[in-house]
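Asks: Before I ask anything, let me first share the structure, which is written out below as structure tokens.
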Amino acid sequence: MPRRQDIQKILLLGSGPIVIGQACEFDYSGTQACKALREEGYEVVLVNSNPATIMTDPETADRTYIEPLTPELVEKVIARERPDALLPTMGGQTALNIAVALAKNGVLDQYNVELIGAKLPAIEKAEDRKLFNEAMDKIGVKVCPSGTASSLDESKAIARRIGTYPLIIRPAFTMGGTGGGIAYNQEEFEEMAQVGIDASPVSQILIDQSLLGWKEYELEVMRDLADNVVIICSIENIDPMGIHTGDSITVAPAQTLTDKEYQRLRDMAIKIIREIGVETGGSNIQFAVNPVNGDVVVIEMNPRVSRSSALSSKATGFPIAKMAAKLAVGYTLDEIRNDITKKTPASFEPTIDYVVTKVPRFAFEKFPGSEPVLTTQMKSVGEAMAIGRTFNESFQKALRSLETGRAGWGCDKAEKLPSGEQIRAQLRTPNPDRIFAVRHALQLGMSPEEIYELTAIDPWFLDKMQQLLEVEKFLKRTPLKQLTREQMYAVKRDGYSDRQIAFATKTTEDEVRAYRKELGVTPVYKTVDTCAAEFEAFTPYYYSTYEEETEVIPASKPKVMILGGGPNRIGQGIEFDYCCCHAAYALKGAGYETIMVNSNPETVSTDYDTSDRLYFEPLTKEDVLNIIEAENPVGIIVQFGGQTPLKLALPLQDYLRQVGNGSLVIGNGNEETAITDDQLPITKIWGTSPDSIDSAEDRERFEKILQKLNISQPPNGIARSYEDALIVAKRIGYPVVVRPSYVLGGRAMEIVYSDTELERYMTFAVQVEPEHPILIDKFLENAIEVDVDAIADHTGRVVIGGIMEHIEQAGIHSGDSACSLPSISLPPAVLNQIRTWTVQLAQELSVVGLMNIQFAVIGASSYSPQVYILEANPRASRTVPFVSKATGVPLAKLASLIMSGKTLEELNFTQEVIPSHIAVKEAVLPFNKFPGTDTILGPEMRSTGEVMGIDSDFGRAFAKAELGAGERLPLTGTVFVSMSDRDKSAAVPVVREFIDLGFKVMATFGTRRVLLENGLNVELVLKLHEGRPHVIDAIKNQKIQLIINTPSGEEAQTDARLIRRTGLAYKIPIITTIAGAKATVAAIRSMQNTTLDVKTIQEYCPNF
């Protein structure tokens, strides 16, 4: 059937901010869907609150609303735009839940909007656990013994019926297993059941008999209107059931299924998608298989594009989201061409002749108090994927792609083996490092059978790991120079990196590389082509392996290589991927052939049509040098991917200089390209030189530059031991901020108020980076922090991209603080001082491209405000997408063109753009996933994502940002206030404003006394140890609608922490800073006076 002619305008919902369980795979799917629908001539309207997405760029959709994803505001977009159809399957669980809400409350009928991609009955049948089980029963597919409950009493009755613990609890209409878990006894069960009912938007949980130890598989399935069904990919979890699939190491295609078993799953999947009624698009279906008797049960189905669809798309080259969008508007699979082969139709199931491994990345170290144990609730913050010809190769490449300091599956550092008892405990309890515990167990001589008993990891995988250990033993007893060409090939085919070979043979990585090349052992690159080389592939999407024949095709244009950011982690996420994509778009447009190198399957940068060539490879020195030697680019861009490529800049430069041929120099595309002996272009690192980057990162060098320019910074010092630290702290006075040098995301950074706290920090933190000293700065209390993004060209011209004023005071990591652009309270003199220093510093560091500087301002409203510089980063920062959306200036695109030799004048960007509207960025924090952790903000970054609120008034913009971040601010009710002594007097005017807005106020004894002295009528509430009813009772009885609680030093921490955790559990907004409280007052006032309206980014920034 050709495309539908009866619809013209389609509304697409994004997934909002990046949260655990719902990350940038939905930017990838949404961007693909927008492109596909516009190609077909439809007008596309998009709603998404996340500014750090390619999807919200003004050119992706026709009309783009960066507005909170709530049913109320999406209804306003519908009323304004009058779309014919709503496509809800591209924005994860968020979009699906909003679509269901709008269908049920009659909005879609009122405005005559049709749901496409998945109809309401299909969504409900797949998502409502009771309906799903009934549907499976009807078609004879087994489900796990289970029941659905909406109350604690119903839950207990089901537990009695099932009869045995452990039991699995899964809330309906949630993603990433939010609110779920495994209960091993009745007490745990009752607690988890209540949490699960509260977490589900429909207050419903499914209670399953535990299938712990069963094998888990997923099939990615597509169906069209003509009832054609294709299986795109099978995925096998190495970890058994009981661990969320997002936290499990997974392999595609499934490795341990016999053909007969695979056909069984395939037949079931086809029956399921037909019965549920997903007519047009993709679904992800999860199965459990009993390894003892082969029993199969279906676990669940997602009637939408999911995290696994992004992985399947990257693993096979089949663009699921794009195809799903086309199916949603009436095409059938046989009518759509495969983009990669250009010959085969989409109804041909992909075939692959390689193995793909995905490994999750965790961030437990960011959440002290949370246990690093994996369950059915997803906790990973990112993932890396690798492709190899064999499982061993793909597995080792994936582990080194994670960037956690490992070069593969061990054999990369001296290890002290744990005891047998410790290893058994690590194997029994699923945790992020269990795969390395398997290695230790095999090294201690534990049999694969015993490891299987403890882990339920399939013996096939354990056998492969045993083989890897044999290779390692062989390497350790063979001197490097005695390895023959065949042996070197065999070792590399097992995925061993040069660094691992160097460790085993007691040599260096560079020696291994030189000897390997001498033997003529270099990687070749194979194509991901959807058809196992049956047809010619037209899209250069490559992975490395060690065989004879390469499939890299020569190019006629000069090539530029962009190094991506690798797996998402806290501190380095989608914002950097956004910059890499923009570099690819801009340089492609300028006539270069762009090469993207990245290992993250969730992102737009690893879409096969973002760059001209895609290398799905680990971002290590070895892998990147191999690609440089295969492609000979004229330029390499390292300043867009965060810390990952920056760390590679100096090693790449050093190696290429040593090798002779002088084949790497620093510079920009504006010089003449020299030709070396063998007529290949010289490869240059484009943009700011690695030396300048180092002089901004290296504290001592940076301080000299600031002294030369007469720029003030807070009193500070450097310590390499606890004794050093004490001397520095005494000299500059407490409180101080302590942190290791060279970190991103404020890793291991703290504010310290005393000698004892300093001692505790030094004992813990020096282990973080032993070769780098600890930096100690005077902590500027109550300072306003300011972030500046600027851009500079090779002529020395500097233009400010945007000046953002933080809403939380200095001391809270800039990635976790809300901020406003333009500034809302800083006087012109302060802003001008900031501008002057930014320009001077960019010129002194010879910045070419982007730069981010953080300042602190003390006494902004006094007669003599003081400005201090906190740090400077001559690279793209995580605020670039936000600034670009707020001002309408595509900074990353401009910066990449500047690196190619263009000037700001040529690009027509010569002065700062100050918007007439207000944009507020707010951070989104994952505390609900880490129940043991305090919700307090500090200098270590913990947010996973961000949202943007945009309006003509600060109060409304802040209200939208809070709403987008999932905080519904109350308009009436009671505010609970408990302040540290430092903040009590500053709280008086804020509390007065809350009373003026009609709120009642409750406070603890000390805070109340100060408020009463200032003539404010405040009710007393008891602290926990003062008797009942206390503040926690008031929260649980829903007598409090808003909590303002600023943390004090060490004392009373337990009380305050419990108050904050309880507030979080009861979904009460919690504010932990005075500045945040002031912004909240402005937001509530504006919402009491006016309703929130919606407007497109194209209207806010018409010149974008």
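Placement of Cβ uses the backbone N, Cα and C atoms for every residue, glycine included.
Feature list, courtesy of Swiss-Prot:
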- Gln286, Glu300: Mn(2+) 1 binding site (BINDING)
- Glu300, Asn302: Mg(2+) 2 binding site (BINDING)
- Arg739, Lys778, Leu780, Glu785, Gly811, Ile812, His813, Ser814, Gln854, Glu871: ATP 2 binding site (BINDING)
- Gln854, Glu871: Mn(2+) 3 binding site (BINDING)
- Glu871, Asn873: Mg(2+) 4 binding site (BINDING)
- 133-329: domain 'ATP-grasp 1' (DOMAIN)
- 703-900: domain 'ATP-grasp 2' (DOMAIN)
- 1-403: region 'Carboxyphosphate synthetic domain' (REGION)
- 404-552: region 'Oligomerization domain' (REGION)
- 553-966: region 'Carbamoyl phosphate synthetic domain' (REGION)
- 967-1104: region 'Allosteric domain' (REGION)
Asks: Kindly state the mean pLDDT of the region 'Allosteric domain' (967-1104) in the predicted structure.
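Replies: Taking every residue of the region 'Allosteric domain' (967-1104) together, the mean pLDDT is 88.
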Asks: If you count other CB atoms within 10 A of each CB, which of Glu300, Glu871 wins among these binding-site residues?
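Replies: Within the set of binding-site residues, the most crowded position is Glu300.
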Asks: In Å, rounded, how far does the Cα of Gly811 (ATP 2 binding site) sit from the Cα of Glu300 (Mn(2+) 1 binding site)?
Replies: 44
Asks: Neighbour count, 10 Å Cβ-Cβ cut-off, for Gln286 (Mn(2+) 1 binding site): what number do you get?
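Replies: There are 19 of them.
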Asks: Just to confirm: which same-chain residues, 6+ apart in sequence, have a Cβ under 8 Å from the Cβ of Asn302 (Mg(2+) 2 binding site)?
Replies: Ala126, Ser283, Asn284, Ser308
Asks: Just to verify a number: CA distance, Gln286 (Mn(2+) 1 binding site) to His813 (ATP 2 binding site), in angstrom, no decimals.
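Replies: So the Cα of His813 (ATP 2 binding site) lies 39 Å away from that of Gln286 (Mn(2+) 1 binding site).
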Asks: When you put Asn873 (Mg(2+) 4 binding site) at the centre and draw a 10 Å sphere around its Cα, which of the binding-site residues Leu780, His813, Gln854 have their Cα inside it?
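Replies: Hits: Gln854.
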Asks: About how far apart, in whole Å, are the alpha carbons (Cα) of Glu871 (Mn(2+) 3 binding site) and His813 (ATP 2 binding site)?
Replies: 12
Asks: Reported as an integer number of Å, what is the Cα distance between Arg739 (ATP 2 binding site) and Glu300 (Mn(2+) 1 binding site)?
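Replies: A Cα-Cα distance of 45 Å.
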Asks: Of the binding-site residues Leu780, His813, Gln854, which sits closest to Glu300 (Mn(2+) 1 binding site) by Cα distance?
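Replies: Given the candidates Leu780, His813, Gln854, the nearest one is His813.
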Asks: Just report the maximum Cα pair distance in Å for the recorded ATP 2 binders Arg739, Lys778, Leu780, Glu785, Gly811, Ile812, His813, Ser814, Gln854, Glu871, no decimals.
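Replies: For the residues that bind ATP 2, the greatest Cα distance is 18 Å.
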